[in-house]
Amino acid sequence: MGGAVVDDGPPGVKAPDGGWGWAVLAGCFVITGFSYAFPKAVSVFFKELIREFDVGYSDTAWISSILLAMLYGTGPLCSVLVNRFGCRPVMMVGGLFASLGMILASFATSIIHIYICIGVITGLGLALNFQPSLIMLNRYFNEKRPLANGLAAAGSPVALCCLSPLGQILQYQYGWRGGFLILGGILLNCCACGALMRPLLPPKKQYLEESTPAAAEEKKPQPKKKLLDFSVFKDRGFVIYTLAASIMVLGLFVPPVFVVSYAKGLGYEDTKSSLLLTILGFVDMFARPASGLIAGMKWVRPRTVYLFSFAMIFNGCTDLIGSQANNYGGLVVFCIFFGISYGMVGALQFEVLMSIVGTEKFSSAIGLVLLMEAFAVLVGPPGAGRLLDATHQYMKKEDPEAKLEMAVTDAEKEGLNFGVESEEDQEGEEEPKEKVNGNDNALKAVEEVMMVKEMGENGGEDTL
């Protein structure tokens, strides 16, 4: 998930697939970690923000949604800035914005201030870092691009493993305000990563050949490239991909945002609950490069669309089955399988989109896809938070009155059976006492169940 990569390199320059590209990959690894781990790591502070500003889960969920919406929806803006100023200066300015937003958030006096500072300012800063870093990564790698994308995408779970426990420690030691201030200082490392994005220059021999008078005469002016090429919507594969990705993103980020709060709601302590995000990130950390390595194989690379489709189905099934977890062991298993599917999706989406639209239209296609996904990202977690505020539960539970009615029915049947048996025994045998006692016990059971039902109804009236 990146921006509209329109900033083209010099014509005729072959991607080195190594060399300084590994330094670019390292910078992209860190930037990807900050960009995608921050919306999840900030969820560690949600409980404190709810107490501080007297808001609900849906209100705090908007923080992550706005941040992700800025990260997704600013593709065209990043394209214009990169084309005008280049990748390196845009990334360094973006690092300043990301840090400034967190620092200002530490002085917030309302949840609206948090939305503006973390959601808008920090989100914009991370977008100005993340999308240019993808541009540079795709310039420096061609044959090894699936592996490079998988390794760069692994920055997200690695950062999540570090930032989630770090956020918990900072909250205990310095409160949420001090934690935001320190995280703002950490984000200044984005400027250092931006400095690694050295422009890819042609070799000296090629430069000398192109600078000769004969070459200058033969060189024809190239037509100006469109900022956004809407003709990609004529491609049926692109339309299907965009719709599928938008629907997927609607719920993709919901489990990582709410799994910590869900564990706390089950009665587990804060440190143990935040450990779930660390487990998820640890599994995701290995799933991403492994998926990139598999996608780069000769017989798999032409079929990455099918591998990506499997990853999306796997992720959806994991959510459906994992929603039934009601203890810590079940949540751990859910985080393991969700981490695998989440890592597969994160590592494969760039390669799949490029295989559908081709290299030339990829720059416009990725920006338009992100604009579509931004709406889903903006609605997903807050929508789940709204459901949580309305129902106060994370999954649908059976109606307790229906359970009581079923119990009454079973008890009545048991009583009738005892009654029939006692009448038959009285006719054939002379031991009615024990059977009558059995019948009395069944009737008592019916009475007890009825009393429980009445107490439940009275409790419901008191609650209302």
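Yeah, the Cβs are placed from backbone N, Cα and C, and that goes for glycine too.
What TrEMBL annotates here:
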{"type": "TRANSMEM", "residues": "20-39", "note": "transmembrane segment"}
{"type": "DOMAIN", "residues": "21-464", "note": "domain 'Major facilitator superfamily (MFS) profile'"}
{"type": "TRANSMEM", "residues": "60-82", "note": "transmembrane segment"}
{"type": "TRANSMEM", "residues": "102-126", "note": "transmembrane segment"}
{"type": "TRANSMEM", "residues": "147-166", "note": "transmembrane segment"}
{"type": "TRANSMEM", "residues": "178-197", "note": "transmembrane segment"}
{"type": "TRANSMEM", "residues": "238-263", "note": "transmembrane segment"}
{"type": "TRANSMEM", "residues": "275-297", "note": "transmembrane segment"}
{"type": "TRANSMEM", "residues": "328-350", "note": "transmembrane segment"}
{"type": "TRANSMEM", "residues": "362-380", "note": "transmembrane segment"}
{"type": "REGION", "residues": "415-441", "note": "region 'Disordered'"}
{"type": "COMPBIAS", "residues": "421-431", "note": "compositional bias 'Acidic residues'"}
Quiz prompt | Stretch contact, the transmembrane segment (328-350) with the transmembrane segment (238-263), Cβ-Cβ under 8 Å, 3+ pairs | solution = yes
Quiz item: Out of 147-166, 178-197, 238-263, 275-297, which stretch has the largest tally of CB pairs under 8 angstroms to the transmembrane segment (102-126)?
Solution: 178-197
Quiz item: So are the transmembrane segment (20-39) and the transmembrane segment (178-197) touching or not, going by 3+ C-beta pairs under 8 A with a sequence gap of 6 or more?
Solution: yes
Quiz item: Apart from its near flanks, which chain residues at least 6 from the ends of the transmembrane segment (147-166) lie with a Cβ under 8 angstroms of it?
Solution: 21, 25, 28-38, 40-41, 44, 133-134, 137, 140-141, 183, 274-275, 277-278, 280-293, 295-296, 339, 343, 346-347, 350-351
Self-check item: Tertiary contacts of the transmembrane segment (275-297) (same chain, 6+ residues out, Cβ under 8 Å)
Solution: 37, 40-41, 44, 144-151, 153-154, 156-161, 164-165, 256, 259-260, 263, 304, 307, 311, 331-332, 335-336, 338-340, 342-344, 346-348, 351
